[in-house]
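Asks: Sequence annotations record features per position, and here TrEMBL assigns transmembrane segment to A:9-26, A:46-63, A:84-103, A:115-136, A:143-161, A:181-199, A:211-230, A:270-288, A:295-316, A:336-363, A:383-407.
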Amino acid sequence: MIEMLSDPWLFITIAVGLFMAWAIGANDAANSMSTAVGAGAITPKQAVIIAGILEFTGAYLFGKSVTETVRKGIIDASQISDPHVIIYGSIAALLAASLWLVFATKFGLPVSTTHSIIGGIVGYGIVYAGTSIVNWSKMAQVVASWILSPIFGAIVAFTVIKLVSKTILQKDKPIESARRWAPVWIGLAFIVIGSMFYIKVMHGKSLFIAITRYGATAGLITFVISFVLLKRNFRTKDPYLGVEAIFKKVQVLTSAYVALSHGANDVANAIGPVAAVYAVATMGLAGMKVPVPKWILAMGGLGIAIGVATYGYRVMETVGKKITELTNTRGFSIDFSAATVVLVASWMGLPISTTHTVVGAVIGVGLARGVKAINKDIVKDIIISWFVTVPVAAIIAGIIFKILMVLG
Amino acid sequence: MQVWTKLFAKSPFKPLIKHAEVVLETVEVLEKALEAWEVGDYETMRNYARKVDDLEDFADRIKEEIRDSLSSKLFMPVNRGDILRYLHMQDKIADAAENTAKWLLVRDPNDMPEDIKEEIKSLIMKMSQESIKAAKLVYEAIVQMDTVIESGFGEKEIEKEYELIREIESVEHKIDELDTEFMEIIFKNSSKLEWGLGMYLLNIAKTLSNISDKAKDAAERIRLMMNK
């Protein structure tokens with residue numbers, strides 16, 4: 001901590017990193033809990049507390065202790081020899097990404113925080129060394145994810161909602177079928193979530209271990225619990241309400257998982273550049289991967305939690321009041337599908353954005369005639385916002401970087 | 001992220017059900033007016049008939065609101081045009097009820113020939129009961145349409161919906177028969193009836209049978225909604 005005070009640039013980077021963490025919390029965190037809040041499973045206040053704690057826990061305990069200084073190797077760090085470039089560049093990237101996130105949050109656009117920081121890094125990279133510094137094949141993957149994520153999300157969600165309604169809602173005796181099938185669906189969802197926990201939160205590599213150890217255990221436990229609970233008490237008056245009541249409880253768990261995993265993964269977007277500057281300030285070198293001190297992780301986690309509490313609260317409150325058309329089975333189908341797509345994609349090495357997949361899943365549920373109304377205009381706005389995220393963040397970062405280079 | 005609030009637009013089905021509720025109430029109040037008419041309590045009849053008029057106005061306002069909110073930017077499980085045409089037909093049910101109420105207000109039929117008075121009254125009351133049944137079935141059909149969507153267009157729920165539509169069609173058929181019977185009586189006794197009275201009675205019957213006609217048209221539209 002001492003060296004932080006002695007180096008003003010590190011101090012500034014940490015401040016900007018905190019701002020970025022706050023922006024991530026504000027933009028994304030409400031996302032994890034909003035389906036549960038919207039479907040009435042928890043109140044906005046509860047959601048803020050749960051999300052805040054889990055985001056922090058995810059970031060602090062499960063955030064990567066070694067982080068890539070330039071996210072995902074999007075630019076060639078070996079071309080940067082001047083340590084000042086890393087410092088100014090990191091500040092520029094963080095500031096640009098945070099500003100874009102704040103803007104997007106203000107207009108309710110679900111943009112990817114990862115893509116924002118990638119845009120920021122590409123921006124300063126190009127200003128410094130020209131377009132040759134950019135790893136264009138990585139960039140192509142990012143662009144591909146704009147198309148792949150929503151399409152996969154839509155296909156899987158379409159299938160899931162169709163199967164859920166085929167196995168439960170459309171049967172002659174929905175109550176009987178719900179008793180039998182709901183635990184299966186819940187179990188399946190938790191196989192995915194358990195596996196994701198290993199890969200995304202604990203940063204494990206093997207999908208086999210993920211599924212056999214974590215996925216199978218989580219799936220089995222939730223299957224047995226829900227099976228027993230459904231045998232014992234089930235609101236039988238209205239089968240549809242009964243089914244919704246089951247999925248309502250499940251949704252709290254799936255959103256809790258999303259919050260934890262989000263903290264573990266997205267904290268890197270805020271602290272990666274901070275860690276890079278920290279490495280320069282303390283060791284005087286600019287490497288691709290640097291160890292991240294725990295206190296930087298904690299600050300990232302704190303920043304996200306504050307973002308949830310200050311801005312996320314407002315968002316969740318509006319969500320809680322406004323979303324009436326999101327039932328628990330649909331919310332469950334969306335969560336389950338998005339998680340499955342992200343899991344399979346990370347196993348196959350495909351670049352997938354969770355945010356984009358979720359939006360795709362919503363459209364998939366709509367195409368399956370499961371949602372009563374989707375706003376086409378908003379879908380259009382969202383898709384446009386995905387395409388402009390990287391260029392806009394890049395341009396802002398480029399300008400900030402240029403200014404810092406002149407001043408510094 | 002506020003995307004959730006914006007991405008999911010307001011479903012048009014809750015307001016459609018609300019509209020159907022008001023339409024049903026309009027027809028129910030009309031029956032009360034006819035009950036008062038049957039016993040000769042014209043003062044009460046007038047009050048109810050005016051209430052029918054108010055309710056029809058209310059239904060109109062809901063209709064306008066739904067139309068305004070159903071912009072083409074919505075992506076819905078059923079065709080937007082089908083919903084609008086359905087709404088139009090559902091609203092026509094209230095219009096038909098209002099037309100009956102208007103005819104009721106035109107004059108006091110205290111000059112009906114004694115020998116056919118009871119027969120006429122009982123036929124009118126039968127028609128009124130059937131039209132209420134039709135309006136109630138339309139209400140049930142739109143609530144069921146909501147369930148059909150809720151179940152992801154489950155075959156079982158679609159079958160239930162077809163059942164309701166068939167019932168509406170059979171009610172309409174029944175009223176048509178009553179209407180024909182009524183016309184025959186009026187023309188058979190036309191020499192005993194003053195022309196104004198005959199016109200008055202025929203129009204009450206005509207407008208009453210119109211209620212079920214419109215209910216049938218609405219049911220037809222629901223059928224179309226299911227075959228997107």
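Numbering starts at 1 and runs along the chain as displayed.
For all residues, glycine too, the Cβ spot is worked out from N, Cα and C.
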Asks: Do any residues of this chain, six or more beyond the ends of the transmembrane segment (A:295-316), have a C-beta under 8 angstroms from a C-beta of it, and if so which?
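Replies: For the transmembrane segment (A:295-316), the list is 1, 14, 17-27, 29-30, 33-34, 37, 44-45, 47-48, 51-53, 55-60, 63, 65, 105, 263, 266-267, 270-271, 274-275, 278.
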Asks: Determine which residues of the chain contact the transmembrane segment (A:115-136) at the Cβ level, with the cut-off under 8 Å and only residues 6 or more beyond its ends counted.
Replies: 20, 70-76, 79-80, 85, 88-89, 92-97, 100-101, 142, 269, 272-273, 353, 386, 389-398, 400-402
Asks: Could you tell me whether the transmembrane segment (A:383-407) and the transmembrane segment (A:211-230) have 3+ CB pairs under 8 A, leaving out pairs under 6 positions apart?
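Replies: Output no: the transmembrane segment (A:211-230) is apart from the transmembrane segment (A:383-407).
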Asks: Between the transmembrane segment (A:9-26) and the transmembrane segment (A:84-103), do 3 or more CB pairs sit under 8 angstroms, pairs being 6 or more residues apart?
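Replies: Taking Cβ pairs at least 6 residues apart, the transmembrane segment (A:9-26) and the transmembrane segment (A:84-103) are in contact, with 3 or more under 8 Å.
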Asks: Please give the sequence-distant neighbours of the transmembrane segment (A:383-407): residues at least 6 beyond its ends with Cβ less than 8 Å from one of its Cβ atoms.
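Replies: Here the qualifying positions are 84-85, 88-89, 91-93, 95-97, 99-100, 104, 109-112, 115-124, 126-128, 142, 146, 150, 356.
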